[in-house]
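Notes follow once the structure below has been shown.
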Protein chains: 2
Amino acid sequence: MSKIFVDACLGKETPYTPVWMMRQAGRYLPEYMKVRGEAGDFLSLCHNPKMAAEVTIQPLDIVGVDAAILFSDILVIPDEMGMDLEFIKGFGPKFNDPLTCQADLDRLIGGEVAANKLTYVYDTIKLLRKQLDERGDEIALIGFTGAPWTLATYMIEGQGTKTYNLCKKLMYSNPELLHNILREVTEVVKYYMEKQIEAGIDVVQIFDSWAAAIEPGKYDEFSWKYMVEICDHLKAKYPDTPIIMFPKGIPAFLDNIYGNFDVFGVDWSTPMALAKEKLGDKYVLQGNMEPCRLYSKEATTACVESLAKTMKEGRHIFNLGHGILPDVPVENAIHFVAECKRASKR
Amino acid sequence: MSKIFVDACLGKETPYTPVWMMRQAGRYLPEYMKVRGEAGDFLSLCHNPKMAAEVTIQPLDIVGVDAAILFSDILVIPDEMGMDLEFIKGFGPKFNDPLTCQADLDRLIGGEVAANKLTYVYDTIKLLRKQLDERGDEIALIGFTGAPWTLATYMIEGQGTKTYNLCKKLMYSNPELLHNILREVTEVVKYYMEKQIEAGIDVVQIFDSWAAAIEPGKYDEFSWKYMVEICDHLKAKYPDTPIIMFPKGIPAFLDNIYGNFDVFGVDWSTPMALAKEKLGDKYVLQGNMEPCRLYSKEATTACVESLAKTMKEGRHIFNLGHGILPDVPVENAIHFVAECKRASKR
């Protein structure tokens with residue numbers, strides 16, 4: 001059965017432009033908060049295939065999106081590489097043993113051995129595959145990973161950061177060590193995404209959430225080329241699985257985008273018309289409504305109509321330009337999804 | 001006496017490209033930490049003209065920059081408009097009474113009355129004017145303000161924010177109130193900068209530190225036009241005082257830059273070659289070394305030489321692409337300044 005979202009990723013004609021939202025399985029949904037409360041904490045929810053599958057499915061019926069995205073977190077990867085991850089309430093993720101030298105890196109578990117430890121992710125996907133097939137609708141399942149650079153920032157800083165100064169010290173003073181870390185993470189991610197595909201996902205998204213932390217002249221060297229390497233690896237084995245790249249906040253790098261992938265995720269700092277001009281011939285474009293427009297139905301409709309007009313002759317998937325915020329009213333998210341389908345109906 | 005920095009701002013030929021650093025009077029300098037310790041806290045230092053002048057002067061002799069920038073903080077403006085400002089150690093600035101409605105705004109002090117309360121800033125400038133004139137060198141004095149948008153973010157959120165969701169709720173659901181706040185701040189800033197000029201500054205810089213928080217299609221409406229309004233006001237009265245605009249992180253807005261000012265400050269997310277192509281004919285360009293390059297002398301030299309080459313035929317002022325970080329070795333800052341002068345010598 002052909003799925004409208006997969007078709008759109010591959011640039012095929014669809015009856016309307018499909019839509020999903022980053023963080024659509026998340027805190028704005030009371031149904032999600034209930035399951036999360038039952039799970040205990042965030043990591044326990046990631047580790048519980050039955051509950052993770054449940055929250056993955058929730059936005060399909062509540063909000064009406066065309067794709068489900070696996071509920072998980074990018075930091076399960078370094079966690080299973082042997083780093084000590086905690087999610088601290090009101091603070092966010094924290095690694096208690098950040099990487100400071102080659103010996104720290106050498107102690108980690110690498111490659112397929114690390115990827116094999118993420119069984120709860122593959123189990124969640126298998127469960128979702130079964131549940132989605134049973135529904136009989138045309139909903140696609142998106143699997144994902146963090147980009148090596150974004151994962152490395154947490155592994156080096158130990159936590160979220162405004163300045164990335166530990167990463168930058170390596171970038172400018174010890175680039176060899178930073179590349180060693182990035183290479184190691186890249187290898188794990190290759191196996192991880194292969195196994196996600198084998199378990200049943202339809203589409204891969206690679207999130208480079210902290211792309212904007214790198215000066216444009218260094219972005220290829222420290223992030224993009226590793227993301228492209230993952231694409232090459234996956235496309236050699238699974239040429240029919242679409243790949244979405246989402247490097248957040250790099251409008252000044254658009255002229256330098258290259259690689260074997262299908263969809264370029266446009267964040268809200270890049271005007272869609274600019275992305276279309278630079279990349280629209282080569283890639284399907286996904287995005288990019290400023291998530292805060294969801295606070296207002298009028299602002300949402302205005303943006304959806306403008307995007308539909310800009311992308312009328314282009315290949316497009318509707319999404320937000322970043323994740324939905326926890327304090328957005330559910331009815332506004334429903335309104336966004338309905339407006340996307342209405343405004344793009346062919 | 002002609003000052004090399006002022007000449008460069010006005011696009012005149014200079015013997016080398018002048019250089020200064022954002023946050024050059026700051027925590028990376030032990031001499032600054034000493035004075036700050038004596039002052040007690042950050043706000044007390046801003047309120048003490050003698051000490052504020054002392055730290056303003058420090059980087060001239062220690063680092064060798066071509067301009068001094070008034071030591072102060074952008075948040076003294078809303079503080080004197082009647083808001084309750086605190087700097088909390090390890091947390092940052094906090095307004096205990098953020099603006100939530102028109103009545104909150106109506107309670108504030110506006111226009112010249114608010115600007116008149118910032119006497120400690122004008123006293124610092126007068127003291128600096130005297131001290132700089134006595135030195136007899138050609139060091140220029142930069143005064144500054146935050147852009148209305150950046151000031152408004154703190155006044156509305158009450159503190160630093162990652163999502164700006166209170167501001168964005170206004171932007172999309174109640175733009176009238178947001179514009180009322182921006183207009184009120186703009187009026188105070190006009191008087192504030194007039195009085196800074198009257199007190200003796202040579203050059204004005206307007207910092208829009210949180211420019212990147214606005215989607216490009218809304219940036220003119222909610223920030224840039226207010227900054228341009230301030231320029232128009234100042235240029236009508238003080239046509240010879242150069243104005244530097246520094247909107248941080250808006251590479252996708254470069255095609256839409258307009259206004260009566262002299263220098264465009266390029267942050268590190270915008271490649272200098274791109275800024276030169278889009279704006280170099282119209283404005284002198286300032287910037288834009290990624291501040292973390294200061295962790296390495298080699299990375300610093302490589303960037304300075306590349307900037308000197310890119311701007312060889314253009315009008316340029318060296319600076320960082322954002323503020324210097326507290327953990328940079330002083331000798332690396334000295335190296336940066338010396339390299340800028342060496343690489344651009346004519």
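Using N, Cα and C of the backbone, Cβ positions are placed for all residues, glycine too.
Marked as domain 'Uroporphyrinogen decarboxylase (URO-D)' by TrEMBL: B:18-27, B:142-158. Per TrEMBL, the feature substrate binding site maps to B:ARG23, B:GLN24, B:ALA25, B:GLY26, B:ARG27, B:ASP73, B:TYR154, B:SER209, B:HIS322. What TrEMBL lists as site 'Transition state stabilizer' is B:ASP73.
Features as recorded by TrEMBL, highlighted on the structure.
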{"residue": "B:ARG23", "record": "substrate binding site", "Cβ contacts under 8 Å, 6 or more apart": "B:GLY323, B:ILE324"}
{"residue": "B:ALA25", "record": "substrate binding site", "Cβ contacts under 8 Å, 6 or more apart": "B:TYR32, B:VAL55, B:THR56, B:GLN58, B:PRO59, B:ALA68, B:ILE69, B:PHE71"}
{"residue": "B:ARG27", "record": "substrate binding site", "Cβ contacts under 8 Å, 6 or more apart": "B:MET33, B:ARG36, B:PRO326"}
{"residue": "B:ASP73", "record": "site 'Transition state stabilizer'", "Cβ contacts under 8 Å, 6 or more apart": "B:PHE42, B:LEU43, B:CYS46, B:PRO93"}
{"residue": "B:TYR154", "record": "substrate binding site", "Cβ contacts under 8 Å, 6 or more apart": "B:LEU75, B:PRO78, B:PRO93, B:PHE95, B:GLY160"}
{"residue": "B:HIS322", "record": "substrate binding site", "Cβ contacts under 8 Å, 6 or more apart": "B:MET22, B:LYS248, B:ASP267, B:TRP268, B:GLU290, B:PRO291"}
Stretch-averaged pLDDT - the domain 'Uroporphyrinogen decarboxylase (URO-D)' (B:18-27): 97
